[in-house]
Amino acid sequence: MVDQSTVGWAVWRGSRMACSRPAPYKQTIVPIPPEAVQQRSGRPGKARQYATAIILNIAALAAGTVMGWPSPAERLLTNATGSPLDPDGDGVGDPVSTQHFSWLASVNFLVGLVGTLLAWGGRVAGLVVAVPYALSWIFIATTDSLLPLYAARLLGGIASGATLVISPLFIAETAEDEHRGALGTFLAVGINSGIFVTSAVASFTSYRATPLVLLLLPAVYFLCLLKLPETPVYLVKRGRTAAARRSLAWYRGGLSAAVDAELEALQAAAKREESASASDSDSASLRDLFTHRGTRRALVQSLVLFANQQFCGVIAVLSYSEEIFHEAGSSLSPSAAAMVVAALMAVATYLSSFLMDRAGRRTLMAASNIIMAVCLVTLGGFFYAKSVVYDLSAVGWLPVLATSVYVVAFASGMGPVPLVLLSETYSTRARSLATAVGTGCQTLCAFASTKFFVDVKELFGMYGLLWLFAGFCAAGAAFVLLVVIETRGKTLDHILAEFHGDLRPAVAPVSQDDDDDEVFRRAEPTAAP
């Protein structure tokens with residue numbers, strides 16, 4: 001029998017999850033004996049865990065290529081004289097209308113949520129994801145008509161949505177606690193790196209060759225994933241104890257007392273999860289999200305932040321970056337400028353993981369919104385001046401600079417922080433459903449901001465569209481400063497108490513025997529009606 005006062009803890013990350021972004025997995029905390037904590041895996045185990053994360057995030061890289069494809073493809077497909085599509089076979093390309101292209105650029109976000117719902121845990125699910133990725137690029141490389149292009153984007157969107165569940169789940173089920181935070185940043189880095197890879201490949205290859213090169217990513221991912229063992233959590237939940245022990249030994253660098261102790265902890269957690277899932281009170285209903293004051297406030301915060309995240313215009317700017325630079329008459333070529341922007345975003349996403357616990361969540365989001373607003377106002381001013389026939393050739397570098405600072409600001413704040421807050425502001429009881437609602441809001445906002453980019457631009461001009469995005473950023477900054485609760489360095493009971501309106505230190509401290517559901521129940525009675 002393990003002493004409950006032990007300081008070593010393992011986190012059981014369950015596969016029940018409805019999240020399409022870095023995953024706030026359902027957690028049950030179980031103790032690990034102190035001697036096991038002292039015998040953590042050495043260099044081989046750490047190397048294998050990092051290698052696993054890299055392999056799983058090749059799929060994230062592929063998701064980034066799906067998101068990044070519209071930017072280089074837009075100028076080619078809408079070209080009135082040189083479109084690569086030739087449905088009539090007469091040797092004369094048929095251009096895609098701007099309305100049709102807006103659907104091609106956005107439909108992957110609309111079906112991305114479907115991919116998250118179709119995803120399940122385990123290595124087989126990860127292998128299956130490679131198939132729609134591959135089919136998507138094959139369709140794009142070989143088709144001469146519009147309908148297969150839509151099919152390709154639908155397949156790519158479904159695969160991307162599934163990836164954003166499967167990859168973090170697989171990593172969470174194989175990584176040790178001390179490595180999980182660092183490995184969790186790989187997902188966002190992989191996606192943004194994929195956007196850069198698409199811009200780079202498209203700059204040096206033809207329209208038809210680009211998808212064939214990008215097809216290598218799902219192929220390499222599939223072959224590498226075949227070599228990895230199934231996750232120990234997945235095997236334990238299916239009663240395959242011997243296989244789970246071998247898997248755990250591989251991911252920890254060999255058999256040891258720590259492996260056996262961790263296996264026992266996983267088995268105990270699996271039993272606890274089964275018992276908990278048998279109780280209707282274990283999960284919140286949609287009604288609970290709105291009737292409990294603290295959960296309602298947390299949900300409103302999440303929904304507003306996700307709307308802020310998408311309506312700041314980042315997806316639209318990335319999807320149409322080459323068009324923006326082309327219209328601006330930038331001193332850099334549109335493709336080169338898009339590559340610079342994508343590379344900066346990938347680097348900034350990685351650096352944001354170091355800023356998160358140093359600057360604080362509210363500070364990062366407020367600064368991010370303010371800087372993005374300034375950049376968008378500047379970029380809009382450039383387009384306005386250009387529209388009234390000012391000669392701006394002397395400042396042709398300005399659009400690249402403003403857009404670069406804009407994406408760095410987004411990747412350092414409004415990109416990752418709302419996702420972190422989603423996992424920090426709910427009890428386990430409410431987290432799964434709240435994540436599903438937040439994810440749905442995020443996906444719909446991403447679709448809307450990308451789909452209606454063209455319509456709003458035609459109505460107000462490029463400068464009006466950019467100023468509209470700047471207005472959303474300014475409103476977002478005000479919301480963050482006036483409403484959002486800072487969570488940096490706070491325990492879950494403190495956070496939940498703040499959301500319930502109980503800021504007094506009288507909230508009972510949490511013992512190591514308590515889970516966060518108990519914290520939720522403690523804080524709730526003290527809330528104002």
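Here the Cβ of each residue, glycine as well, is placed from N, Cα and C on the backbone.
Please treat TrEMBL annotations as automatic predictions, because they have not gone through curation.
Checking TrEMBL for region 'Disordered' across the ranges 68-89, 266-287, 508-529 points to 508-529. Outside the transmembrane segment (183-204), and at least 6 residues removed from its termini, the chain residues within Cβ reach (under 8 Å) are 22, 49-50, 53-54, 56-69, 71-73, 164, 167-168, 171-172, 175, 210, 213-214, 217, 318, 335-336, 338-339, 342-343, 345-346, 349-350, 352-353, 411, 415-416. When each of 101-119, 149-171, 332-351, 397-421, 433-454 is scored by its Cβ pairs under 8 Å to the transmembrane segment (298-320), the top-ranked stretch turns out to be 433-454.
Here the domain 'Major facilitator superfamily (MFS) profile' (52-488) returns a mean pLDDT of 83 for the predicted model. Long-range Cβ contacts of the transmembrane segment (50-69) within its own chain (Cβ-Cβ under 8 Å, at least 6 residues beyond either end) map to 108, 126, 129-130, 133, 136, 140, 153, 156-157, 159-160, 163-164, 166-167, 170-171, 174-175, 179, 183, 186-187, 189-199, 210-211, 214, 217-218, 220-221, 224-225, 228, 251, 315, 318-319, 342.
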